[in-house]
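Database features, via Swiss-Prot:
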COMPBIAS  349-370  compositional bias 'Basic residues'
DISULFID  C70-C102  disulfide bond
DISULFID  C77-C95  disulfide bond
DISULFID  C84-C99  disulfide bond
DISULFID  C113-C149  disulfide bond
DISULFID  C121-C142  disulfide bond
DISULFID  C131-C146  disulfide bond
DISULFID  C164-C183  disulfide bond
DISULFID  C173-C187  disulfide bond
DOMAIN    70-102  domain 'ShKT 1'
DOMAIN    113-149  domain 'ShKT 2'
REGION    34-55  region 'Disordered'
REGION    306-370  region 'Disordered'
SIGNAL    1-19  signal peptide
Amino acid sequence: MAWTLVLLVLLGTSSCLDAKELHKKIDISALLESGSGSGEEGSSGSGSAPEPVRDQDVDWKQFKIKPEQCLDKGENCTGDPEQCQENWQEMVVQCPFSCRFCSQRSIDDVTECTDARGAACKDWADNRNDCLRFPQFMSTECTKSCKLCGKETNGKKFDKDVRCIEWAKNGYCNEGELYKEKCPHNCEVHKSIKKEPKGPYPYPTESLYPYQYWQLYPAPGPAPYPPYPYPTAAPYPYQYSPYPYTPYPPPPYPNPYPQPPYPPPPPPYPNPYPQPPYPPPPAPCSGPGPCPYPGPPPPPYPAPTPYPPPPPPYPEQVPPPPPPPPPPPPPPPYPYPYPYPDESENTKHKSKKHAKHHEKHHKENHSKKS
């Protein structure tokens, strides 16, 4: 483990090493090849084999390359993320940015209201919400896109928390000086907003580190079941005898719905038409003489009233009425006994007769006057 101690000592000497200097000072391959022993190929020898490099033996916090020097030089840096641990001595030179070997700047070191990552910052801030997901990186590399500064304050005031814009919009800047110290830019922009009564901001305003990942917050587990007051046996199908392969015999399965006892049979149905009692037999003769033979015949037994016939299941169908007889044929046209004369001839006859009568009457009047 001597080479491991050497590695830790070299890593601890500088908190901010350049990638090339780090690669020069730490030559893991030389350490792996180091060792004592003698012998040729095929012959036996003595010595100790090199121990493999383990991930937990490397202090990853010491890889703090300056942001301006932390750039990927390889072509396929994002292809296999496991190479950052398995082949880290090469990846720290070729892919320091993809392997997150860069040191993080502080918000206090920011002096210009710009985006150090260029046009990508706007996409990260607006579409991916990275200002809240990665606050340390976004607050220093995308200060303008996260709205930690702006032209409202001439780019001279910088907020120290990416949540400042939400605090200012909900009126927290008017609640105390602490918010004004952390958020000088947004408190100046939203100074006219008063705090709402209920405070709709969902995030905690005070915590040790406001952006702890969910793994760091211990999630409450499910509530434990209350203890039973007494030990309860397993359900019946799993209650086996302590003897092997001899389960308890199952009890008789009760009927889930017990049936009531059957009712007693009904008494015999009485005859709806009781029969009269039979006449008593004739009394024996009391006299000394022989009894007359044959005895008087018994009175005729009245016949029982016949049962009414059962009603038919369906009413009898009435036969349809016969069709009406066909109407008699119309009589032939009856001829008139005296056909009327033609009206035109009758009119002519009457006009001639009237003219003769008028002429005769005129002549008689004329003769009387003369």
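Glycine too: its Cβ is placed from the backbone N, Cα and C atoms.
Overlay of Swiss-Prot feature records on the structure.
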residue	record	Cβ neighbours (10 Å)
C77	disulfide bond	18
C95	disulfide bond	25
C102	disulfide bond	20
C113	disulfide bond	18
C121	disulfide bond	21
C142	disulfide bond	26
C149	disulfide bond	22
C164	disulfide bond	25
C173	disulfide bond	27
C183	disulfide bond	26
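Comparing C142 (disulfide bond) with C99 (disulfide bond), their Cα atoms are 20 Å apart once rounded.
For the domain 'ShKT 2' (113-149), the list of distant contacts is 67, 104-107, 155, 157-165, 185-186, 210-211: same-chain residues at least six beyond its ends, Cβ to Cβ under 8 Å.
In sequence order, M91, C95, S98, C99, R100 are the residues near C84 (disulfide bond), counting only same-chain partners six or more apart with C-beta under 8 A. C187 (disulfide bond) has its Cα within 10 Å of the Cα of these disulfide-bonded residues: C164, taken from C70, C102, C121, C146, C149, C164. Taking the disulfide-bonded residues C70, C131, C146, C187 in turn, the residue surrounded by the fewest other Cβ atoms inside 10 Å of its Cβ turns out to be C70. Between C146 (disulfide bond) and C121 (disulfide bond), the C-alpha separation comes to 8 Å. In the structure as shown, the Cβ atom of C99 (disulfide bond) sits within 10 Å of 21 other Cβ atoms. Per DSSP, the secondary structure of the domain 'ShKT 1' (70-102) breaks down as 11 helix, 1 strand, 21 coil. Here the Cα atom of C70 (disulfide bond) is found 17 Å from that of C121 (disulfide bond). In terms of Cα distance, the disulfide-bonded residues that sit within 10 Å of C173 (disulfide bond) are C164, C183, chosen from C77, C102, C131, C149, C164, C183. Under DSSP, C121 (disulfide bond) is assigned to a helix (H, G or I) in the three-state scheme.
Mean pLDDT for the domain 'ShKT 2' (113-149) in the predicted structure: 87. Taking only the Cα positions, the spacing between C121 (disulfide bond) and C131 (disulfide bond) is 9 angstrom. Nearest by CA distance to C77 (disulfide bond), out of the disulfide-bonded residues C113, C149, C164, is C113.
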